[in-house]
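Taken from TrEMBL as is:
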DOMAIN    20-133  domain 'Ciliary BBSome complex subunit 2 N-terminal'
DOMAIN    172-279  domain 'Ciliary BBSome complex subunit 2 middle region'
DOMAIN    401-486  domain 'BBS2 GAE'
DOMAIN    491-576  domain 'BBS2 platform'
DOMAIN    588-637  domain 'BBS2 hairpin'
Amino acid sequence: MLVPIFTLKLNHKINPRMVAIGKYDGIHPCLTAATQAGKVFIHNPHTRGQRPAAHRLSQSTQDSDISLLNINQAVSCLTAGTLGPNTTGHTLLVGSQTNLLAYDARLIYNIQNVCHMLIVLQVTDGANAIVLGKLGDIQNPLAIIGGNCALQGFDFEGNDQFWTVTGDNVRSLVLCDFTADGKNELLVGSEDFDIRVFREDELVTEMAENETVTSLCHMHGSRFGYALANGTVGVYDRTARYWRIKSKNHAMSIHAFDLNADGVVELITGWSNGKIDARSDRTGEVIFKDNFSSSVAGVVEGDYRMDGQIQLICSSVEGEVRGYLPASKEMKGNLMDASVEQDLIRELSQRKQNLILELRNYEENAKALPGVSEGESKKGVIPANTQLQTALSVRRATESQRAHIELNISTPNETIIRAVLIFAEGIFEGESHVVHPSVQNLSGCVRVPIIPPKDIPVDLHIKAFVGGKTSTQFHVFEITRQLPRFSMYDLNVDPSATQPTGKVTFSINDRPQRVVMWLNQNFLLPEGIDSPDITFTTLRAGGLLKINMQPSGEITLRTDDIDLAGDLIQSLASFLAIEDLQAEADFPVYFKELRATLTEVDEFHSVHQKLTAAMADHSNYIRNMLVQAEDARLMGD
């Protein structure tokens, strides 16, 4: 069983996801975290009396080990690392909703316990997440911050070396060699549920999830871990998801660390209920877990005992800190305690009992097959040709129901469907939906309305209980059906509908049949569609979508939804393996709104300049009055 090699009780609360390790003098690692009231503390146990390194942390931490840095504004993110090209110590970077502060903290070891502030930068879009390192072909390390739909990268002099926009508010960042070209790409998790990959300012690819991406961490190569706001954690290798699990608790922090000393890092997750667990990067299997008495704030690593061994360092929001060494060879990867093994034995025993019961049911059914009587049908015997059939169709909105996709699940004979369980990411709350018809309404057909919130392809994993009308035991049928990406679009067009004014035009060197194949894969279309010229009604926002292709290969998409046009072009380019595509777009409604917004911004700038001038005048008045007041005080007037 793996146990902590040191435990600290710090008298400071720690803000979640705002924990870092920094070597500010280039030698000694210091735990750095944001705490209450706009402060950052730096814990430095290495300046105590000269004791053997292995015993430095044997006593509880004293307040003299902690230096407090007063930021005077709410801290939203922090990190530490090498920013300057010729610096020996790490730089501490602290972000807020208005500023990015860089500190040269080498002087935390002197008597005054002060830090030198190197840079104060105003960031208009805020700093929700921060990462420090090299990006693409940019030579110097950058402090990259993510804010309100924007990404900015600053060098050690405060110069803006990198800037681009992303789809929504940024919540997490990590640098990773995603394309295996020897250069780092930037992975961005945002509130629109997407993980985007940037090669400098170029968008390489994106992965759609079903909740806000709260944490990202690089594991090795092109593999990275992620955590969502709904309690999901998992691992991707490039765009392929290896595994994911979902918990009722929230993942507060994730980190990659080789805890079982097998040469491959595990995904370490700190949870809101105080649990710490380590999972295999290949399977997601839990190999270690421990518990804090309060929510985990952060998980980092460093040689905190200065004995040449890197420790996994976990901290809670109440200020408790624990350090774990990787497993020794004698443990042979057995990191769990005996109670966990007992739980596993109990779980396997329960599974064994279930399998025995299922086998007994099969044996009874086999005996009853030659002649099926009413009594035998109660045991669940069904005709051999029974199968589960599914169909998807588009349904427009009515007075009683919103527009939706109807999933029709049926059997071809007299059997009935007693219940249906559907698993689907991002469609149902909790990712699952159960339909359980009443006894009076049992039949061989169940209809389930599905309303996809976004245009993403979704796998529907369907399980149905099928049996006779008097059955007490049922067969479980399983089937998977994919919901196309653009399923909320109907071919039935209202003749009186307003024609779209926005359009995008581009040319491809492919046959129309290839575009028809793309249409059939991504839309719910009836059989026999053989032309790329097609018109849909958009069921979410109303309006029309028109697709037209000329013999020359020129395609025109007509829609007033600029986001939909972008999604359609991305999907078609991916299907046709097109890397570069020249497109001409015209969206009069959007451009009109943009001009109106820019006019308002100019008016705000004008008011801002007037207010600034007025403030400067008032400052001069106040300065003069202060001088006069001081003169009057001295003269006793």
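Backbone N, Cα and C atoms are what each Cβ position is placed from, and that goes for glycine too.
In TrEMBL, annotation is done automatically, which means it is predicted and not curated.
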Discussion item. Quick check on the domain 'Ciliary BBSome complex subunit 2 middle region' (172-279): DSSP residue counts for helix, strand, coil, in that order please.
Written reply: 0 helix, 69 strand, 39 coil
Worksheet item: How many helix, strand and coil residues does the domain 'BBS2 GAE' (401-486) contain under DSSP?
Response: 6 helix, 45 strand, 35 coil
Worksheet entry | Per-state residue totals over the domain 'BBS2 hairpin' (588-637) - DSSP helix, strand, coil | 48 helix, 0 strand, 2 coil
